[in-house]
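The following features are taken from TrEMBL:
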- 299-332: compositional bias 'Polar residues' (COMPBIAS)
- 3-95: domain 'Phage tail fibre protein N-terminal' (DOMAIN)
- 299-335: region 'Disordered' (REGION)
Amino acid sequence: MSLLITDAGIAASIEAEALGVNYKITHIGIGLDGYVPTADQTQLKNEVAREALSRGSVPALGQLHFEAVFAGNTSFDGKEIGYFLEDGTLFAVDSRDGEIMSLKRSNTIITESFELNLAGSSIKNITVELMGAPYATEELAGIAKITTNDKMNSDDDETIVTPKKLKDNTATDNDIDTESGEPKFIQLPQLWRGIQKFVLDTLWLPLAELIYPVGCPIPYPAAEAPPKFIAYIGQSFDKTVFTKLAERFPSGVMPDMRKNYIRGLGEGETPLSIKGQSVQALGFSHTLSAVYQKTTQIRSTSPSSTSTGNVTYSVPDDNWSSTTPTGRSTPYTRGVGIRNQSANSIMSGNGTITGTGVETNPNSVRWLYITRAA
């Protein structure tokens, strides 16, 4: 190792000892030239970068450890390293005759670690001081470079993630809905949304459409339709949202199934057409005749006697009777008035007809007709 403490560095140490103070190494410089250092150097031969220490310590007497962070657009193949005191004095220089000791490319960040062992010298009053913030670690708060988008999903453990970077690289609802292929982080709401979209929309809903298509009515035992369903109560719906319903009901209006029954489509009938209330003809007729009266002349030569002395006459097909005085034995002719009244009836069985409503209904249970809103 070609590390050399310069004459200026030794002079600063002697002066510090005389004054009873410590001089502190505060900066590290990087240069591009490679050579064998000389004691009379006061600066690097081709310095391109100088940074304050980001981390430093004194592990043991005469042993100095420090780090510096080089960032920004500067790029270099570092072949000379200078250790500078707080007043700018070049305390020590290290160069190895052209060997690259530090490498940096534009728009990158590097952290260089340095060890300076003074245990074999008489210099005891040189220490290190952190002039800038230390480089952040898991144990130590300090500076760190903000990560880039291309490192968000990498194994990089040196850069930090800002809230905006995290937000920009977290999946949105639109990413889930459009099945984006971008590698992004996902939060629980988007996870559940993705599961619903895949399991419900991609798998279950197409299967449900095959089993029971949208538009087929379902009896539901409640006054309102549950979520994701719509009732048949004659209301309008958004055809741009419920596209499958729009295919079944192009008018954009749900049929009103309240107080209506479902009937099979007859030949020549239009789907969803309405059949008004009607009663089929019973198929028979009956005419009632008026009450009438007729007079019939009856002659009898053999009236029969009764125990009371009355005479009874009989006429076929009509039931009537007439009495004569007792003791009359000769034939005679008598006019008898016969009143014939017809009696008619229509049998309706044992059913009950209640005429208190405006509808004709069989026994029924009320259900709300619904269908899937899709």
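Each position is counted from 1, following the chain as shown.
From the backbone N, Cα and C atoms, a Cβ is placed for every residue, glycine too.
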Model confidence over the domain 'Phage tail fibre protein N-terminal' (3-95), averaged pLDDT: 85
Helix-strand-coil residue split for the domain 'Phage tail fibre protein N-terminal' (3-95), DSSP-based: 13 helix, 49 strand, 31 coil
